[in-house]
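Visitor: Pasting a structure below so you can have a look.
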Amino acid sequence: MAKNPPENCEDCHILNAEAFKSKKICKSLKICGLVFGILALTLIVLFWGSKHFWPEVPKKAYDMEHTFYSNGEKKKIYMEIDPVTRTEIFRSGNGTDETLEVHDFKNGYTGIYFVGLQKCFIKTQIKVIPEFSEPEEEIDENEEITTTFFEQSVIWVPAEKPIENRDFLKNSKILEICDNVTMYWINPTLISVSELQDFEEEGEDLHFPANEKKGIEQNEQWVVPQVKVEKTRHARQASEEELPINDYTENGIEFDPMLDERGYCCIYCRRGNRYCRRVCEPLLGYYPYPYCYQGGRVICRVIMPCNWWVARMLGRV
């Protein structure tokens, strides 16, 4: 009878150990289940958030055909938009009359390729659309420093020498199209106010080269509506034409032509010019990018003469 209590105590210890072990296993299972539940919930939230808030970049290109009439003749323009490379290609004409216009919004260049000429013309364009903000101070319209020129008062003239270094187009769609042809920079040339008035009043046609005329006809839909230019400012401009331009060549200063080609300053201008153009922008960031929403937005920038910047650095203005 005296040996029974120790045996009962050993049984109690065994039962307590088994109960503690089972409780420990249940607690571990609960912790593991809670961790897996939190991980699953986190993955679901991340998947839902990435699907709804992360913009999905489409991998396909978008094609569109536009029909219009020019001089009584029906013509077609094919537009191709590649959202991945941010390029926009316009094709028009057939055979030797075919023209390709490539807008590279990633690198900030526009290339125009004429199949008949076997030449490519390059010009710069904006890469990032600037934020629009109301000016803090009102601009005096009679200010003598700036004049506004719109797209219809500008013609693009090719440079005399072709482009030798093409490294700036290394990752551009323009180089794929214009790789085996001669490439030229084209620079904007302003049409004087008298020429615009003669064109409007007398109806005389400006004598553009055949290729430039085709390019102007193809871009008629992007031109800013005509505006009236003040005649008083033209009278002052006529008197300034008689004065020589101080380009500081006597002091050993020579301006790089790239400053003019890239739009940093104007070498042969007598005063600052405000250049306005329409810019197509995405609507709330949706693809395809870019496309023209409600005709685009007019953005203006002031290009000052290069000698004005030199005078400013010398403290003369």
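Cβ coordinates come from backbone N, Cα and C, glycine included.
From Swiss-Prot, here are the annotated features:
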type	residues	note
TOPO_DOM	1-30	topological domain 'Cytoplasmic'
TRANSMEM	31-50	transmembrane segment
TOPO_DOM	51-317	topological domain 'Extracellular'
DOMAIN	93-186	domain 'BRICHOS'
CARBOHYD	Asn94	N-linked glycosylation site
DISULFID	Cys120-Cys178	disulfide bond
CARBOHYD	Asn180	N-linked glycosylation site
MOD_RES	Ser239	phosphoserine
Visitor: Please report the Cα separation of Asn180 (N-linked glycosylation site) and Asn94 (N-linked glycosylation site) in Å, rounded to an integer.
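Guide: Counting only the Cα atoms, the answer is 20 Å.
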Visitor: I'm checking region-level scores; what's the whole-number mean pLDDT for the topological domain 'Cytoplasmic' (1-30)?
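Guide: PLDDT averaged over the stretch: 64.
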Visitor: When you measure from the Cβ of Asn94 (N-linked glycosylation site), how many other Cβ atoms are you left with inside 10 Å?
Guide: 9
Visitor: Please report the Cα separation of Cys178 (disulfide bond) and Asn94 (N-linked glycosylation site) in Å, rounded to an integer.
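Guide: The Cα atom of Cys178 (disulfide bond) is 18 Å away from the Cα atom of Asn94 (N-linked glycosylation site).
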Visitor: Going by DSSP, is Cys178 (disulfide bond) part of a helix, a strand, or coil?
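Guide: Its secondary structure by DSSP: helix.
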Visitor: Given the recorded positions Cys120, Cys178, Asn180, which one has the fewest other C-beta atoms within 10 angstroms of its C-beta?
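Guide: Fewest other Cβ atoms within 10 Å, among the recorded positions Cys120, Cys178, Asn180, is found for Asn180.
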Visitor: Between Asn94 (N-linked glycosylation site) and Cys120 (disulfide bond), how far is it from one CA atom to the other, in Å?
Guide: 17
